[in-house]
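Trainee: Shown below is the structure under consideration.
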Ligand SMILES: C[S@@+](CC[C@H](N)C(=O)[O-])C[C@H]1O[C@@H](n2cnc3c(N)ncnc32)[C@H](O)[C@@H]1O
C-alpha cells in the first residue's frame, strides 16, 4: 500500500515577495524542491502588520515564504525516503477568505478580532494582512453599523449583549468578471452570531436593523458592493463554542458558490470551508495526479465533499464520510452542478470516521483523509494499519457466504439513513475490490501528522511515496501537507 501524504507546508526559493504594507495583488507561485541550505532572513517577505505583537493570529513576522517548521518537515520526509519534497509558498498576504472573529467592547467602541494569546481579551484587527481585503472592508462596515444602531456586543461575564461573533467568508466566483479581477473583487457572506435563542427572541429588531444596514451600505445597490449575503446564527451557550445549531438566511443570495479543483462548490456558512481558497485550489490540482483514473475513492473527514467531488469526473466511485450533518446540503448542491458527463457512483454519509472505520475503508482503491488539526483517531490508524488482514477475512466470508448479510450495527444504519446516494449509470461490479492501495493524508497539523505518519509507517504497514506542502497559513507555524503512501 502507498501512503501519499499531502500537507500544506512552507515553500522555497521560487516565489515572488513584495515589500509592501498592503496585501499585494494575487501572486502565482510554483512549487519547488526544498534545499537544506539555511535561508537568510527576508524582510521582503515580512508581514508588515501593525497588529502583529498583540494579535494571536500570526506567530511569525518574517520569512512568510518559509515557515520555520519547513526544515523539520524536509528532514522528516527525507528520513522516510522522500527526496523530492516540494513546498508551494502560495500567496503571502490577503490569503484568508474565511475568518471567525469575536465581537466585544461596547457599541461606541466595538472590538472585532481575535483573542489575545491565552486570554479572552479581544484585539481589534482592522488592518489584518492575512485577511482578504474585503473581509477588512466588511468588518469596518459592521463596526459602523454596531455604533450607529447601538448594537451591544456580547459581554462574556454577564452573558448579556447581542453580537458574539461574526464569520466572514469570501466568494471569488464571479464569472461576469475577467478571471484576473475575480479574486480581489470577492464578495463577503456575513454570519452574525447572535446571543438569543431564535429570530423571534428579544433583540431580533436590532439583528434585522444591523443586517439591513450591511445590505444597504454594502449590498449590490451600494457604491461599495462587497456583501454577498447576511446570515444569522443563534447561540446562547455559556460554553466556548462559536456557533449554535440554528441558522437563518436573512439577505442576499442564499447559496454561496466558489470554484476550486475545477468544479463549482456550494458552501453553507454552517459547513467547514478551507480558509485559503487559492492554496486549496493548488492542492486539489496536485491531488488529481495521485488518484488513478477509474479508482474507487473514500474521502474521510469530507466536510461538504469538495475533495471527493473534485475527483469525481474521472473516478469510478466517490464515498464521502463526514460527522457534521450541516454539510450534507452543500454536498447535494455541489453534486447538482457537476457536469452531466460525470458518471461515477457518489455517496455522502453522515458518520463518525473513527467508529467502525473498516466499513468505510473496504471497497476503495484510494483513501483520502483530511482530519482536523488534532489528527487521526487511534481506531482509524489501527484500521488503516490492519486493513490488508481484515480485508482478507472479509473477502473469505464474502466468498463463503456469497449472500448479503442484514446490516444491524446502529451507527451504520444511522449513517445510511442520513446518506446521499447518486448511482452511476454504468453497470456495477458485484465483487468489491477490498484493499485500498493508496492512502493520501492531507494534514494541517504538523505535530499530529508526524505522530500519525510514524504510526502508519510502523511494521511496514505503509510506505511513503510523495510529500508536498502548501503555505496555507502564512505568518503561522502551520502549513498543509499532502502525503501519499502505498502498501
Ligand atoms: C480539515 S476539515 C476538512 C473538510 C474537507 N475535507 C474540506 O477540505 O473541505 C475536517 C472535517 O472533518 C470533520 N470531522 C471531524 N471529526 C470527524 C470524525 N470523527 N468523523 C468524520 N468527520 C469528522 C469536520 O467536521 C470537518 O468537516
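Backbone N, Cα and C define each Cβ position, glycine as well.
Sharing the record's features from TrEMBL:
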- 274, 301, 322, 370: S-adenosyl-L-methionine binding site (BINDING)
- 281-397: domain 'Methyltransferase small' (DOMAIN)
- 444: active site, nucleophile (ACT_SITE)
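Tell me what's around each of these sites.
Mentor: In this structure, residue 274 (S-adenosyl-L-methionine binding site) belongs to neither helix nor strand by DSSP; it is coil.
Across the domain 'Methyltransferase small' (281-397), DSSP classifies residues as 52 helix, 21 strand, 44 coil.
In the three-state DSSP scheme, residue 444 (active site, nucleophile) falls into the coil class.
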Trainee: Given a separation of at least six residues and a C-beta threshold under 8 Å, show me what packs close to residue 322 (S-adenosyl-L-methionine binding site) in the same chain.
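Mentor: Correct list: 301, 302, 303, 304, 305, 328, 331, 348, 349, 350, 351.
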Trainee: Neighbourhood of the S-adenosyl-L-methionine site (274, 301, 322, 370): other residues with Cβ within 8 Å of the Cβ centroid, in order?
Mentor: 272, 299, 302, 303, 306, 307, 371, 442
Trainee: Using only the Cα atoms of 274, 301, 322, 370, which the record gives as binding S-adenosyl-L-methionine, return the largest interatomic distance in Å, rounded to a whole number.
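Mentor: Taking every pair of listed residues, the largest Cα separation comes to 15 Å.
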Trainee: Tell me the Cα distance separating residue 444 (active site, nucleophile) from residue 370 (S-adenosyl-L-methionine binding site), rounded to the nearest angstrom.
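Mentor: Each residue's Cα considered, residue 370 (S-adenosyl-L-methionine binding site) and residue 444 (active site, nucleophile) end up 8 Å apart.
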